[in-house]
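**Q** What follows is a single structure, and I will ask about it in a moment.
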Amino acid sequence: MSTRRPLIAGNWKMNGLAASAAEVERMIGGAGPIASAGVDLLICPPATLIARLAALTTGSPIAIGGQDCDPRPNGAHTGDIAAEMLVDAGAAAVILGHSERRADHGETDAVVRAKAEGAHRAGLLRIVCVGETQAERDAGQAVSVVARQLAESVPDTATGADLVIAYEPVWAIGTGLTPTPEDIVEIHAAMRGLLRTRFGAEAEGMRLLYGGSVKPDNAAVILNLPDVDGALVGGASLKATDFLAIAGACAGR
Ligand SMILES: O=C(CO)COP(=O)(O)O
């Protein structure tokens, strides 16, 4: 068993209104034993809820994060949010390069890398997402696509303490489909190897999350795989009971 602290992170995507605070209150209510078992918990709501939920979770085991940030610290960029603003609102982490942003907003590896530099400047934990499409997997390119994204999206400043990678195969997101355990192990082992080659001993501290249709009923199998240090959970992170069940499966490893 590794010494890395597992992380269960929830990505709420474009979901959540002020009333969602009640769900987070329920999460706080069940988080104690999970945190005591050494599992880190993070919820990444839409930007509009960061300050509210950061205030709510202060003193609890649940941290709050953003879902994106601009690379620049401030300026005339209407609608964009700097990493420093996420910190100011109470965020401790940020998700970067999610496949939905890569697809919806044309984010390239170079853009994701610049955003990760911005997050570093602001002192945020960076969760960089990688993952192949169905067509890429069918073409036998899953490992090479992830290797390229890892090489080009992760900045040289990455450390074990401030970089998390989330492997999220695009075809597994929101579909109820997941890779086989063997396929997850193959990708995570490849990622660990590439990070070791590039970052040496720092790579041992970098947490590798799996994401894509993680649910209470598959969490235990996935979270017990080698080099899986937690999960990035979409739909199931919107409900306290599901999120806590997944995190509980992690605590029980
Ligand atoms: O994209 C995801 C998390 O970032 C995964 O979403 P689902 O868990 O809803 O498949």
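The backbone N, Cα and C atoms fix where each Cβ goes, glycine too.
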**Q** Can you tell which of GLY38, GLY59, GLY174, GLY193 TrEMBL lists as binding substrate with ASN11, TRP12, LYS13, SER213, GLY234, GLY235?
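**A** The candidate from GLY38, GLY59, GLY174, GLY193 that TrEMBL ties to substrate along with ASN11, TRP12, LYS13, SER213, GLY234, GLY235 is GLY174.
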**Q** Please check each of the binding-site residues TRP12, LYS13, GLY174, SER213 and report the ones with a CB atom less than 6 Å from an atom of ligand 1, ordered along the sequence.
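**A** What lies within reach of ligand 1, judged by Cβ under 6 Å, is GLY174, SER213.
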**Q** For each of LYS13, HIS98, count the other CB atoms within 10 A of its CB; which of these recorded positions has the top count?
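**A** Sorting the candidates by Cβ neighbours within 10 Å, the top entry is HIS98.
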**Q** Within the chain of GLY234 (substrate binding site), which residues six or more apart in sequence place their C-beta under 8 angstroms from its C-beta?
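**A** Those within reach of GLY234 (substrate binding site), by Cβ under 8 Å and sequence separation of 6 or more, are GLY10, ASN11, LYS13, ILE173, GLY174, GLY211, VAL214.
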**Q** So which recorded positions are near HIS98 (active site, electrophile), with CA atoms within 10 Å, out of TRP12, GLU168, SER213, GLY235?
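**A** Final answer, ordered: GLU168.
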**Q** Using the alpha carbons only, what distance in Å do you get between SER213 (substrate binding site) and GLU168 (active site, proton acceptor) once rounded?
**A** 9
